[in-house]
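Heads up, the thing below is written out as structure tokens.
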Amino acid sequence: MKNQKTSKSVATSSGHSLNLSIKLKRRSIVSTPDAVLILADGTVMEGFGFGASGTSIGEVVFNTGMTGYQEVMTDPSYAGQLVTFTYPEFGNTGVNFQDDENPIPHARGIIVRELSDYASNWRTEEELESWLKRHQIIGIRGVDTRALVRHIREVGTMNGAISNEERSYSDVLEEIKAAPSMNGLNLAEVVSTKTKYPWRQLTNISFDQRLQNLPQRPYRVVAIDFGIKRAILERLTAHGCDVTVLPVDSTLEDVITEHPEGVFLSNGPGDPAAVQSGIRLAKELIDQSNIPIFGICMGHQILGLALGGQTFKLDYGHRGLNHPCGRPGQVEITSQNHGFALKPDSLPTDTVHITHFNLNDRTVAALAHRYLPVFGVQYHPEASPGPHDADHHFGRFVALMAERRR
């Protein structure tokens with residue numbers, strides 16, 4: 001990467017870039033920066049490349065979790081994004097073949113402060129560096145992630161690039177500005193399955209001691225895949241569901257053909273308002289059937305849109321493992337990953353009840369239909385690692401199906 005000092009400072013973050021530059025010069029005795037992070041507003045932060053080689057462009061976001069980086073990188077909800085990890089040590093637990101949320105990683109790149117030279121966890125099956133190279137994921141280390149997160153919080157998420165190629169900053173910046181915004185972007189159709197498939201598998205992690213309820217007659221559930229996580233499918237199975245996963249563009253006829261006792265709307269990446277097929281299906285299910293419906297994350301937002309609500313893009317999103325959500329007298333510590341939210345005032349109060357709020361910023365964290373067996377949660381009750389406070393929502397879904405069966 002060619003060093004062009006004239007483009008390294010902008011507006012509110014020039015001090016941050018300068019401080020980082022000083023720190024990197026102190027390390028130049030050992031090595032010279034060979035990678036760069038560039039934001040759409042012109043902010044430049046130098047660092048050291050790891051993983052694959054090349055240039056990767058996406059929306060720069062941050063995750064405040066202190067563990068679970070493998071789950072984050074393989075979660076389809078991170079499609080199209082460069083993820084900043086605020087926990088300073090990265091890679092010290094390596095990777096294993098049990099914690100993937102999807103067979104392939106979906107994050108386009110990763111930004112970290114420190115990269116561990118080796119993994120020391122007892123579950124490690126592969127070093128992070130070789131795993132990233134195998135999956136062609138670009139990383140940058142040595143970045144002042146505190147300064148970066150503060151900048152994003154002040155000015156909002158934006159597109160950016162990680163590059164370790166010999167390219168000028170201005171060329172990369174032009175490519176960033178030409179990249180599409182997350183607003184209006186339907187990424188669910190990119191990550192969704194193309195064909196239906198069954199899921200009846202429990203988690204194979206031996207130390208997971210959470211509830212497993214395996215009834216003699218499992219509940220038939222259709223899951224609409226907007227970017228579904230494996231952990232969600234495992235928790236549905238653990239709560240007694242026999243799941244059939246259908247693509248994002250499935251119709252009402254496709255769903256009814258499976259004779260479901262419940263319909264699940266999954267998490268996923270991008271702008272929920274752009275997933276018109278999912279919104280249309282949710283409306284038809286609500287209007288034409290009495291089947292219990294449960295949505296998580298994007299599925300929750302699509303339910304809200306189908307019920308007459310509107311969504312908006314959050315300034316910097318909610319991504320982490322410790323977000324408090326609830327209502328008076330009941331608080332759940334939740335795992336979250338979303339950049340959009342429902343507008344509370346847009347939901348029709350005669351049919352929709354907001355059951356939970358995010359207690360940090362009062363955004364909608366959960367809703368329920370006042371008269372129909374329909375509800376959704378913005379957060380991830382299946383999350384592992386992370387708190388298990390919200391796992392009961394799966395039990396609530398099963399209870400609605402049991403009531404309908406009776």
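Cβ from N, Cα, C; glycine included.
The region 'CPSase' annotation in TrEMBL covers 1-219. As annotated by TrEMBL, domain 'Carbamoyl-phosphate synthase small subunit N-terminal' applies to 33-163. Annotation source TrEMBL lists L-glutamine binding site at S77, G268, G270, M298, Q301, N337, G339, F340. If you look up TrEMBL, you'll see C297 marked as active site, nucleophile. Feature annotation from TrEMBL assigns active site to H380, E382.
In the predicted structure, the region 'CPSase' (1-219) carries a mean pLDDT of 87. Ranked by CA distance from G339 (L-glutamine binding site), the active-site residues C297, H380, E382 have C297 at the top as the closest. Applying DSSP to the domain 'Carbamoyl-phosphate synthase small subunit N-terminal' (33-163) sorts its residues as follows: 27 helix, 46 strand, 58 coil. Listed in sequence order, the residues F226, G227, N267, P269, D271, P272, C297, H338 complete the 8 Å Cβ shell around the L-glutamine site centroid, once S77, G268, G270, M298, Q301, N337, G339, F340 themselves are left out. For Q301 (L-glutamine binding site), the same-chain residues lying six or more positions away in sequence with a CB closer than 8 A to its CB are P272, G295, T311, H338, F340, A341, L342, G376, Q378.
Shown are the binding-site residues G268, G270, G339; the one with the most C-beta atoms within 10 angstroms of its own C-beta is G268.
Residue pair the residue listed as 'active site, nucleophile' / H380 (active site) shows a Cα separation of 7 Å.
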